[in-house]
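J.: Per Swiss-Prot, the feature ADP binding site maps to Gly37, Gly89, Thr90, Thr91, Ser92, Ser158, Lys159, Gly412, Glu505. According to Swiss-Prot, the feature ATP binding site maps to Gly37, Gly89, Thr90, Thr91. What Swiss-Prot records for Asp88 is Mg(2+) binding site. Among the features that Swiss-Prot reports, N-acetylmethionine is placed at Met1. Per Swiss-Prot, the feature phosphoserine maps to Ser6, Ser544, Ser551; the stated evidence is similarity to another entry. According to Swiss-Prot, the feature phosphotyrosine maps to Tyr181. For Lys199, Lys400, Lys494, the entry in Swiss-Prot reads N6-acetyllysine.
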Amino acid sequence: MEGPLSVFGDRSTGEAIRSQNVMAAASIANIVKSSLGPVGLDKMLVDDIGDVTITNDGATILKLLEVEHPAAKVLCELADLQDKEVGDGTTSVVIIAAELLKNADELGKQKIHPTSVISGYRLACKEAVRYINENLIVNTDELGRDCLINAAKTSMSSKIIGINGDFFANMVVDAVLAIKYTDTRGQPRYPVNSVNILKAHGRSQMESKLISGYALNCVVGSQGMPKRIVNAKIACLDFSLQKTKMKLGVQVVITDPEKLDQIRQRESDITKERIQKILATGANVILTTGGIDDMCLKYFVEAGAMAVRRVLKRDLKRIAKASGATILSTLANLEGEETFEAAMLGQAEEVVQERICDDELILIKNTKARTSASIILRGANDFMCDEMERSLHDALCVVKRVLESKSVVPGGGAVEAALSIYLENYATSMGSREQLAIAEFARSLLVIPNTLAVNAAQDSTDLVAKLRAFHNEAQVNPERKNLKWIGLDLSNGKPRDNKQAGVFEPTIVKVKSLKFATEAAITILRIDDLIKLHPESKDDKHGSYEDAVHSGALND
């Protein structure tokens with residue numbers, strides 16, 4: 001039902017708005033559907049100024065879309081949330097949410113109230129998470145490093161670097177293990193941001209390399225400076241080191257020309273005093289986000305220190321965190337006096353400028369507070385390097401999650417098929433209206449194995465039926481419970497034991513994607529009224545340039 005309002009806008013209510021929301025969600029899911037799985041296809045996105053992005057990553061695709069419909073925006077934000085929280089599973093979370101909405105709409109057409117559907121979905125989600133944690137998880141302790149490599153390979157399988165999965169999986173696992181540190185509670189932590197990824201196009205993917213230490217895409221400020229410093233004391237500055245000049249508007253009236261030289265000399269001395277304060281604390285590596293002029297460089301060269309200018313703020317923050325330094329935006333303290341203390345310095349075993357691949361880089365090795373690692377990516381062109389970076393980010397997040405949660409689940413649609421059988425049986429044990437909603441939830445989960453099979457050019461109906469038969473047997477017959485690891489083998493088009501094949505995903509990816517998808521679907525299902533206000537018309541007395549052209553006012 002649509003009708004005018006006393007407010008300046010339109011109103012849609014009831015069935016109409018619900019169907020509209022479901023269609024919007026389905027159209028968003030259809031965009032990313034074909035990119036799911038190891039044989040998913042890539043999307044080329046061109047923005048309004050002509051920048052091209054070629055990607056397979058669900059979160060990136062949806063981030064670059066200009067979406068107007070409010071329900072569709074919810075799904076785009078959902079993918080972004082999954083990317084930030086877990087790092088992987090962004091495509092599947094959107095597909096599941098859209099399928100849940102589609103099936104809820106079918107129930108709505110059968111006159112089942114949305115509140116019953118919502119409570120059924122909540123119940124099904126809770127039960128599904130419990131079933132995963134009790135029956136489908138594999139502890140990583142019994143699998144060791146191989147498990148981490150397999151989880152990374154599974155994450156990369158659908159990406160551009162999947163063809164060299166073994167090479168990149170080892171690189172990712174080594175990088176994540178290199179940045180491990182223990183927090184105040186004694187828990188191991190793996191800050192993925194400590195892995196700096198640099199891209200250089202040219203050469204092949206296989207010439208990418210992992211470097212221990214933080215790699216800075218900068219060079220020393222002057223050729224006269226040392227290229228290697230052992231036992232480095234690092235000063236991190238967020239301001240320019242340049243000759244102090246009097247501010248604009250300051251007028252100095254002098255009668256003696258020699259006084260002019262004294263003023264210039266004093267300007268130089270102020271800068272020299274600043275630099276002496278920094279060097280007096282023992283600092284021998286100075287990193288700044290601003291510029292360093294020639295006069296300041298001369299003082300650093302004389303002191304035998306290494307100075308690097310135009311460091312990215314992001315890099316400076318990470319180096320400060322790793323080395324234990326304090327980033328200073330000014331030397332002035334609260335009293336207005338300029339001071340610099342030794343406690344503000346960070347420490348590293350070695351800072352060296354090296355030629356890696358085709359570029360000169362500065363490496364900061366064995367920092368005091370935390371260790372760091374860097375990956376230099378090589379690829380044919382910029383599009384390829386960007387997509388490789390996104391793929392590596394997903395893989396790094398997956399390995400981090402496996403190490404933190406210490407559990408994985410089989411991939412290839414195994415979890416979804418097992419849950420669909422379990423929830424169907426669970427639904428029949430319910431004697432209330434929620435039974436229908438739980439059964440629809442179970443059916444919705446099958447969209448993942450279905451889509452995987454369709455994208456791999458296989459017969460999805462046949463494959464999913466076989467998969468369900470295996471999982472039903474596993475749940476009915478305790479002697480054959482090992483069949484619960486059966487998932488899809490998409491290259492050969494048949495079911496297989498994915499635990500033996502090493503197709504693993506972190507448990508948290510599956511659990512979070514189920515929870516997030518259910519919550520997003522419920523958020524949209526609760527909407528039964530849309531009031532859209534019209535934009536205010538601006539009364540422009542003078543009119544626009546186009547109006548003037550049409551009226552002929554410019555022809556005089």
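Glycine too: its Cβ is placed from the backbone N, Cα and C atoms.
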J.: Taking the Cβ of Lys400 (N6-acetyllysine) as centre, how many other Cβ atoms lie within 10 Å?
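T.: Its Cβ shell of radius 10 Å holds 23 other Cβ atoms.
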J.: Any idea what DSSP makes of Glu505 (ADP binding site), helix, strand or coil?
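T.: Where Glu505 (ADP binding site) sits, the three-state DSSP reduction gives strand.
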J.: Between Gly89 (ATP binding site) and Lys159 (ADP binding site), what C-alpha distance do you get in Å?
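T.: So the alpha carbons of Gly89 (ATP binding site) and Lys159 (ADP binding site) sit roughly 13 Å from each other.
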J.: Which recorded positions (Asp88, Thr91, Tyr181, Lys199, Lys400, Lys494) fall within 10 Å of Gly37 (ADP binding site) by Cα distance?
T.: Thr91
J.: Compare the C-alpha of Thr90 (ADP binding site) with the C-alpha of each of the modified residues Tyr181, Lys199, Lys400, Lys494, and give the closest one.
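T.: Minimum Cα distance from Thr90 (ADP binding site) across Tyr181, Lys199, Lys400, Lys494 lands on Lys400.
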J.: Taking only same-chain residues 6+ apart in sequence, whose CB is under 8 Å from that of Thr91 (ATP binding site), what do you get?
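T.: Same-chain residues close to Thr91 (ATP binding site) (Cβ under 8 Å, separated by 6 or more) are Val32, Lys33, Ser35, Leu36, Gly40, Asp57, Gly58, Ala79.
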J.: What is the separation, in Å, between the Cα atoms of Tyr181 (phosphotyrosine) and Asp88 (Mg(2+) binding site)?
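T.: Distance (Cα to Cα, whole Å): 23 Å.
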J.: Of Lys159, Lys199, which of the recorded positions has the most Cβ neighbours inside 10 Å?
T.: Lys159
J.: Out of Gly37, Gly89, which of the binding-site residues has the smallest number of neighbouring Cβ atoms within 10 Å?
T.: Gly37
J.: In sequence order, which same-chain residues at least six apart have a C-beta under 8 angstroms from Asp88 (Mg(2+) binding site)?
T.: Ser155, Asp394, Cys397, Val398, Arg401, Glu505, Pro506, Val509
